[in-house]
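What follows is a set of notes on a single structure, which appears directly below.
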Amino acid sequence: MKKSIIEKIDGYATVEPDRIAYECSGMVNTYQDLKEYSDALAAHITSMGLTKKTPIIVYGGQTFEMAAAFLGVVKSGHAYIPVDTNSPGERLTIINQIAQPAACIAVEELPLTLSEVPVIMPTELKTIFKNHVAGPTKENWVTGDETFYIIFTSGTTGVPKGVQISHDNLASFLDWMADDFGIDDGQNFLSQPPYSFDLSVMDLYPALTRGGKLVALPKEVTDNFKELFAVLPTLGLNTWVSTPSFMDICLLEPNFKEENYPQLTHFMFCGEELTHKTAATLKKRFPSARLFNTYGPTETTVAVSQVEITEQVLADYERLPIGIAKEDTVIHIVDEDLQDVPTGQDGEIIISGPSVSKGYLNNPEKTQQAFVVLNGQHAYRTGDLGQLDDVGQLLYKGRIDFQIKLHGFRIELEEVDHHLDQVSLIAQATTVPKYGPDHKVSQLIAYVAAKDNDFKSNFELTKAIKEELKDLMMPYMMPQRFVYLDSLPLTPNGKVDRKCLIKEVNG
């Protein structure tokens, strides 16, 4: 019988308890630690008498305790909702309102008080982790179609959507990761994306289910380039997982090349478009390494297609393909009536297969809009434009709607608008993306009709607006430029004409 995800991870604690599972800033933890911590937390959660199968928020940063908490929650039969410490308090409040969680585990101090939810505070959690007690038996663990984790993505009205990923969704993804990329067991994985971003799942579980080591790079290191470039060569990485944007930062360091990283054999990219320029530069620096471009929305469990970027692929494609679907998955390119379009023609990318989410938590309306039955199969409408070329490679052509990717983060423009509207100095505002020559969004521009004010310059006004915004939105949603108009252009229906402004910015 096939082993469950938890059985695979716990198995290493049994056969090789001292094997290192996690390293962060020189501190290491073993598979034995991981099992003991998660068992102790699972036993404690079980003793709390919470409503069964109700999700639990786990709040914290890039730490071993976060990973242990995730497994502890799953062993107690609940799904976990990761919320990163860089999230504004308002986001945590909204997630709490939508998810109606059974509890919250604060690996780090919460920025605010959550009402009507039992909270395990950091000091209590430390004590719990040190209790050497047996965890619940595997009959209690999350399994099959039960939800394993819930990741909240950007929502169209300023309200984020909780994507529910089941044990079997994740197992399908992990089987593909083990079979299709030539990655051996026991590898050292870079763990850089925050746990609230589903790209982190590409390093977290492929490492832990195969006896690997997660090497965490906390935000304070990645934000300080000098420290980042000093630390990177010392980490002994074998498999690199990041957005292309993070790789662009690393390529600024001329010593980021094969001779200084002889053990780095695999690069895995997801989360945004990998440009030809980035891939070609990386291939030149690491000629022996294998580079993979992958694609997939959060709703389909991290990624569903991949292509290895070879010299031949670089020669054949000016804009890199996003690969061929994993074996158990079907990718359709359809028209507005959900009918397949011919090869070489653009249409919406629709994905069906065992890694497609059951839908959004407590949001039947959005679930019904995005998830459909196609040829008798449960499928997800990505809202991405794409086509299949004559060799079966999937080509990405951009977003159909106003949902964009900036530095790997998915942003709904309407959500940014919603937050701008909350600012006391703004009468009306809308946001538009500016695209770079590489077809990727390079910056977010806010068009603002300001209320009467006493600021001497637009610079001062912008500073004051940003000050208000930082308490309302995630840092990656902050517009880079503010343009001030007396009034915003409108469509014949009286709606703000965003398309007109997009043309103006990208004309």
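For all residues, glycine too, the Cβ spot is worked out from N, Cα and C.
With a cut-off of 8 Å between CB atoms and residues at least 6 apart in sequence, the same chain places P297, E348, I349, Y396, K397, G398, R399, I400 near D384 (ATP binding site), listed in sequence order. What TrEMBL lists as ATP binding site is T153, S154, N293, T294, Y295, G296, P297, T298, D384, Y396, K397, G398, R399, K495.
What TrEMBL records for D198, V302, K495 is D-alanine binding site. For D198 (D-alanine binding site), the same-chain residues that are 6 or more apart in sequence and have a Cβ closer than 8 Å to its Cβ are I151, V163, T298, T301, V302.
The average per-residue pLDDT of the prediction over the domain 'AMP-dependent synthetase/ligase' (13-361) is 96, rounded to a whole number. What TrEMBL records for 13-361 is domain 'AMP-dependent synthetase/ligase'.
DSSP labels the residues of the domain 'AMP-binding enzyme C-terminal' (416-495) in these numbers: 21 helix, 25 strand, 34 coil. Annotated domain 'AMP-binding enzyme C-terminal' per TrEMBL: 416-495, in sequence order.
Counting every protein chain shown, 29 other Cβ atoms lie within 10 Å of the Cβ of Y295 (ATP binding site). Of all the Cβ atoms in the protein chains shown, 17 others lie within 10 Å of the Cβ of R399 (ATP binding site).
The Cβ neighbour count for N293 (ATP binding site), using a 10 Å radius over every protein chain in view, is 24. Every protein chain considered, the tally of other Cβ atoms within 10 Å of the Cβ of V302 (D-alanine binding site) stands at 27.
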